[in-house]
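Read the structure below first, then the notes.
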Amino acid sequence: MAISSSSCLGLICSLLCHWVGTASSLNLEDPNVCSHWESYSVTVQESYPHPFDQIYYTSCTDILNWFKCTRHRISYRTAYRHGEKTMYRRKSQCCPGFYESRDMCVPHCADKCVHGRCIAPNTCQCEPGWGGTNCSSACDGDHWGPHCSSRCQCKNRALCNPITGACHCAAGYRGWRCEDRCEQGTYGNDCHQRCQCQNGATCDHITGECRCSPGYTGAFCEDLCPPGKHGPHCEQRCPCQNGGVCHHVTGECSCPSGWMGTVCGQPCPEGRFGKNCSQECQCHNGGTCDAATGQCHCSPGYTGERCQDECPVGSYGVRCAEACRCVNGGKCYHVSGTCLCEAGFSGELCEARLCPEGLYGIKCDKRCPCHLDNTHSCHPMSGECGCKPGWSGLYCNETCSPGFYGEACQQICSCQNGADCDSVTGRCACAPGFKGTDCSTPCPLGRYGINCSSRCGCKNDAVCSPVDGSCICKAGWHGVDCSIRCPSGTWGFGCNLTCQCLNGGACNTLDGTCTCAPGWRGAKCEFPCQDGTYGLNCAERCDCSHADGCHPTTGHCRCLPGWSGVHCDSVCAEGRWGPNCSLPCYCKNGASCSPDDGICECAPGFRGTTCQRICSPGFYGHRCSQTCPQCVHSSGPCHHITGLCDCLPGFTGALCNEVCPSGRFGKNCAGVCTCTNNGTCNPIDRSCQCYPGWIGSDCSQPCPPAHWGPNCIHTCNCHNGAFCSAYDGECKCTPGWTGLYCTQRCPLGFYGKDCALICQCQNGADCDHISGQCTCRTGFMGRHCEQKCPAGTYGYGCRQICDCLNNSTCDHITGTCYCSPGWKGARCDQAGVIIVGNLNSLSRTSTALPADSYQIGAIAGIVVLVLVVLFLLALFIIYRHKQKRKESSMPAVTYTPAMRVINADYTIAETLPHSNGGNANSHYFTNPSYHTLSQCATSPHVNNRDRMTIAKSKNNQLFVNLKNVNPGKRGTLVDCTGTLPADWKQGGYLNELGAFGLDRSYMGKSLKDLGKNSEYNSSTCSLSSSENPYATIKDPPALLPKSSECGYVEMKSPARRDSPYAEINNSTPANRNVYEVEPTVSVVQGVFSNSGHVTQDPYDLPKNSHIPCHYDLLPVRDSSSSPKREDGGGSNSTSSNSTSSSSSSSE
């Protein structure tokens, strides 16, 4: 039983908590901690196998239930239940005589140790110079140490400490009693000084003088003997050769790598290397070893540190430096580079295709179904399409799915940011705004468009879109390139906000603040200047004497009745002065005379004696004392009277700091713009800045076809009829296409506009990516290819007429005839008793099973009964006698339908002629447990009513016994045993043979050719790589049909592996896929007469297989209800039937 993960987690948590709790109280590593174990219970969840009744179906002879029988078996599923588990935990406490102090257990003394410490229960350890049970008594002068129990015993003139008992030794001595010399390496008083002698030299224990070991010299023996010298005092000469180094002490030679001997005079023998040749070379496969380094120099075809590896695929020769040149799937021999071609190819480099271009098959009579423009090869045997890079599908008619490219669309695109990936090269076509090999780098500032090739034209610090170059203007600017200020009355981002300024106030295009015209004030310029003030910002004060204030803009005094003059200070009429206002004034430009002296008082904007001159440039107003404001876009200084600015064309406002309102242009904004289609009008010269996608003086003309963007300067990159947006160049794909530039077909299973429609095609049909129209596979028809060919037709488009006779059925794909009971042959036109399956004597051979004839013995009834009975009785006695001596047996085999095949190859079957005119039988079996191939022994007395009994054992293996073989029917049988080559698996045969276990170097050879090879003489070996539990049985050649024509079709979809019937054990369901189980072509008579024909759906899910030929059939299991033999072989028949019955019951 298993404990669930949640229970385990709870158990671990409880143990952890207990450990933490214990650890927090006592240190378990304390030697004074004692512990004991206590038990406790926890609830856990545990799993157990729960039995249940499982129903399944097997093939049987029950014709009423269509040959299906229900079976029951007991199976188990995992269930869970709660249970209690006893756990143990350790509990810790202080040992007796100890008590707990913090996390330690300390000893307890009843009497406190005064000058000592408690080291054990009721035991004190006194400090030196003290004694007594509680260390409270001091030692007398004759004793020392703990408890005053020791006497001084110092030697070598050492002094004894009466309290500590320590001896103060003389220089060069040590020890408790100073009886020992200083340890090696120390000397002097208390041996505290360390000797400085090196390299094993000895030191005088009193003075520290060094006495050097052999091989060293110097005051501290720190130097080795000079090169070429060794021994005591470095007086001896070294004899080493070949760069050998002499040991400075012994003079022994240390040889360099590759040399050996007393004086390093001998090179390493072969197979050895390294220092003193002590290491053994580890080079394999004929590699040689460098005597110095041990590095392997590999023989041609091998590599690796020890030459243990063959050259990687695609290389050969010395150091694997040569590149293989084999084409068309040919395998390159790693030593010489010789090409081992796949079936269907030949030539030194496998460059020659056996079939003409466009054809394939055994007879090169089938036309390749590949789309030629997208295909680089059509396999000459299987017809499999080898797609060019960028294409996939059965017929190379599908582009790579988005995100994949290259050979077989197996490589993953690295493109980022919505880039298109070239399905052939994988090169990235970046979306506008990105660049780089993988389109991961955004455009730098100032660049935009495809590959960032265009330069931004935005002005006034506007942000340029890296995609289409459109400008995102800062506040206060607008236009295609952000070169135009916001029109009068607008401000902010996009000039979308309306100014709130009144009375001619100018609006700041950035923040909307108002700059008031002269004479006005307030946040919105809604208030006139206060009484007594006038001018810009109401900063000037009125200079009037008898007036009702002054004009808020000009400061002109509004005189009270009876008063006149510039300052309203004269009682004379306008133009008079002096006594009784009798003198005329000569002042000009509205000036007044002083009533006293006639001096001219000039009106605002004028100056001079008679006020005939205007203010100097830059000044205006009363007495020309006011300074002109900063006119932004003006043709000159301000007006000498009002102070207003004279604006340039396109500008307006008191300070000429406002652009003409939208739709107006020119001097005083008097002109009307004519721009259309959202074009921006230049307020100065009326020119139009067109919106992307439009051109012309008034932006009324759209971009020409295949152009887009501002002024239509960019060229569209859309393909396959896609519509290109004139604004941003975006491609609007036509139905059936997708991708950034509409270069990719709809993914598999989709079609139509935006690839949004789901294909409805069935049975592996191709779906047109534009219209969704289905192109049916061979054997199907209908709008969605949902219908099989009508009865009597088959093939592509169901245009071919079946040629099957005698009520036989026709395969709707291949036209293969499925014969009615009692018939055989390619067209079911032969009355048959023997059914043979043969596809290829070398590639794949199906089992041929004998059957009883309904008519044998009919002619014998005409003969005189007495003579016939006597004759048959004699034959029967002879047969029984021979049969007892024969006792031939066959090894156990496991059948597979040999249909789960990839790239299977065909070779025309041949037979070996025998000396007596018969055919030599190459009868063989394949079995995972048997690698020995057995052939049947010759039997001179064989009844032509031969039978093959098939019984199923308890371990589900099939055992086959060939009995009563007729020499005339089956040819002379040779008793021999062939064994597989020793390197069958190790030499790579398993990978080279293909799905049928055939070395392709033997493809196309006859059995006669193979028979000449001594290694394979008298044996035919088969090694199946199929995953099915049935292997192939090759029957005697006499059972082969005269014609070897076989139905053949290429199906490449993968086989289903998840079906509960993917492997055959005890039954063959009615819906068995014909590509997983070979169809029963004809009903076997005699012992198999109740088997019947099983209706199957052979095209449930096709895969890359070869359709069986007309004579392929399943191994049929014997039934307990079958009739007994007609030849009187009762014992054999009974034995066979009983064996079959036991097999059935075992299920």
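Heads up, the Cβ atoms here are built off N, Cα and C, so glycines get one too.
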Looking at Swiss-Prot, which one of C139, C167 makes a disulfide with C154?
C167
Which one is it, C160, C178, that Swiss-Prot ties to C169 with a disulfide?
C178
Position flagged as N-linked glycosylation site [Swiss-Prot], chosen from N134, N397, N580:
N134
Position flagged as N-linked glycosylation site [Swiss-Prot], chosen from N496, N806:
N496
Pick out which of C281, C298 Swiss-Prot lists as the disulfide partner of C289.
C281
Between C675 (disulfide bond) and C95 (disulfide bond), how far is it from one CA atom to the other, in Å?
105
If one measures from the C-alpha of C169 (disulfide bond) to the C-alpha of C495 (disulfide bond), what distance in angstrom results, rounded to a whole number?
104
What's the number of neighbouring CB atoms sitting within 10 A of the CB on C688 (disulfide bond)?
22
Round to a whole number and give the Cα-to-Cα distance in Å for the pair C593 (disulfide bond) and C210 (disulfide bond).
130
Where does C296 (disulfide bond) sit by DSSP, helix, strand or coil?
strand
All-chain count of other Cβ atoms within 10 Å of C283 (disulfide bond):
23
Using the alpha carbons only, what distance in Å do you get between C283 (disulfide bond) and C542 (disulfide bond) once rounded?
115
Quick check for the class: what is the C-alpha distance, in angstrom and rounded, between C688 (disulfide bond) and C95 (disulfide bond)?
103
With a Cβ cut-off under 8 Å, give me the same-chain residues at least six positions beyond the ends of the domain 'EGF-like 12' (665-700) that come close to it.
468, 470, 478-481, 483-484, 487-488, 647-652, 659, 708-712, 725-728
What does DSSP say about C409 (disulfide bond): helix, strand or coil?
helix
How many other Cβ atoms are found within 10 Å of the Cβ atom of C542 (disulfide bond), counting all protein chains shown?
21
